[in-house]
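*Asks:* Have a look at this one.
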Amino acid sequence: MSVIKMTDLDLSGKRVFIRADLNVPVKDGKVTSDARIRATIPTLKLALEKGAKVMVTSHLGRPTEGEFDEANSLKPVVDYLNANLDVPVRLVRDYLDGVDVNQGEIVVLENVRINKGEKKNDPELGKKYAALCDVFVMDAFGTAHRAQASTYGVAEYAPVACAGPLLAAELDALGKALKEPARPMVAIVGGSKVSTKLEVLNSLSKIADQIIVGGGIANTFIAAAGHNVGKSLYEEDLIPVAKNLAASTDIPVPVDVRVGLEFSETAAATEKAVNEVKDDESIFDIGDKSAEQLAEIIKNAKTILWNGPVGVFEFPNFRKGTEIISHAIANSEGFSIAGGGDTLAAIDLFGIKDKISYISTGGGAFLEFVEGKVLPAVEILEKRANG
């Protein structure tokens, strides 16, 4: 992907405006999950090492544009950075008409979503952001699918617009998995509905050698194969779509499943053959035989793309399928990339974070990239790089 990279630029004495993803959960003024901040710190340190005058900003929550709201302030992020960095970090609320930045400090510009015109990519706001800097650095993959003033507009008007290390790594990893994957390539697509992942499935059917489906998506494929799914979550109207996909792509249907009588943490799990599901039962996980068969497919894969669990792994009784699949991915020698909220929760639960080749930081952006869509914030960086 031809974008200018921050790592290749001389930033000495330059005013650098970094758009990061610091949209972290906050409770009682304290950051409760610091993953996104920790991911951004190396970018900030690199900019400082290169002698830049560093500004960084992000969105946080959903404030009303034009109104400052303490609940959506980046102050907890500033407090976190001050506690974890050896350089002074200060928060500036009013910065659109200019801000003084010194070398050796980090200036955090208050939540971009407080600025009128941010979401609709108002060109005047984009120009104001651009006037603050010599170099704009887009480093928030999680918002790259949105054309907003701080992700797109500023990149149009800044003297130089480039990709930060996080964004560049994300694009490289996704490119490696989707553009020229080492084969065989296996995709794991879980989730409750075929309809929400239809474009993902269609796109992957043209790339992957095999697609493993899980969750409610798998139930629709089980029904398409002619089996009773009882009270399971599935989409009857999408059975023809599932049949077409199964006819053109290798999509293994589970041979056994775990069922329950109610959707609850305490529901008892019964393992049975896929053709023995009763009318009052719901499928909540794949069975051991299916999990082992799929683990074998994963073991032989050279590229693995993972988006979504294969069962209701939040409930201990219906966790085993996702656990077996997760460990198979972790133990595979192939290149693995994982993305999506539920997938990240499974990675944390099973303690396999260090064994996945690349974990994507973007939910919606990850899916849109997999669907083959152009991400606006990346598109504008490419345009700027190519004059």
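All positions are counted from 1 along the displayed chain.
Just so you know, glycine gets a Cβ as well, placed from its N, Cα and C.
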*Asks:* Going by Swiss-Prot, D21, L22, N23, R36, H59, L60, G61, R62, R146 bind substrate; tell me which of R93, R113, R183, R258 is listed for that site too.
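*Replies:* Only hit among R93, R113, R183, R258 in Swiss-Prot's substrate site, alongside D21, L22, N23, R36, H59, L60, G61, R62, R146: R113.
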*Asks:* In Swiss-Prot, K197, G340, G341, D342, T343 are given as binding ATP, so which of E170, E314, E368 is in that site too?
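*Replies:* Of the residues offered, the record points to E314.
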*Asks:* Within 10 Å of each Cβ, count the other Cβ atoms, then let me know which of the binding-site residues D21, E314 comes out lowest.
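*Replies:* Each of the binding-site residues D21, E314 was scored; lowest Cβ tally within 10 Å is E314.
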*Asks:* Out of G61, G340, G341, which of the binding-site residues is least crowded by other Cβ atoms within 10 Å?
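*Replies:* So among G61, G340, G341, the binding-site residues given, the one with the fewest Cβ atoms within 10 Å is G341.
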*Asks:* Cα of E314 (ATP binding site) to Cα of N23 (substrate binding site): how many Å, rounded?
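*Replies:* Here the two Cα atoms lie 24 Å apart.
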*Asks:* Counting Cβ atoms within 10 Å across all protein chains shown, which of the binding-site residues R113, K197 comes out on top?
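*Replies:* That would be K197, with the highest Cβ count within 10 Å.
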*Asks:* Work through the binding-site residues one by one (N23, H59, G61, R113) and name whichever has its CA nearest to the CA of D342 (ATP binding site).
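*Replies:* Sorting the binding-site residues by distance from D342 (ATP binding site), the top entry is N23.
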*Asks:* Could you check the binding-site residues N23, T343 and say which one's CB has the most other CB atoms within 10 Å?
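*Replies:* The most densely surrounded of these binding-site residues is T343.
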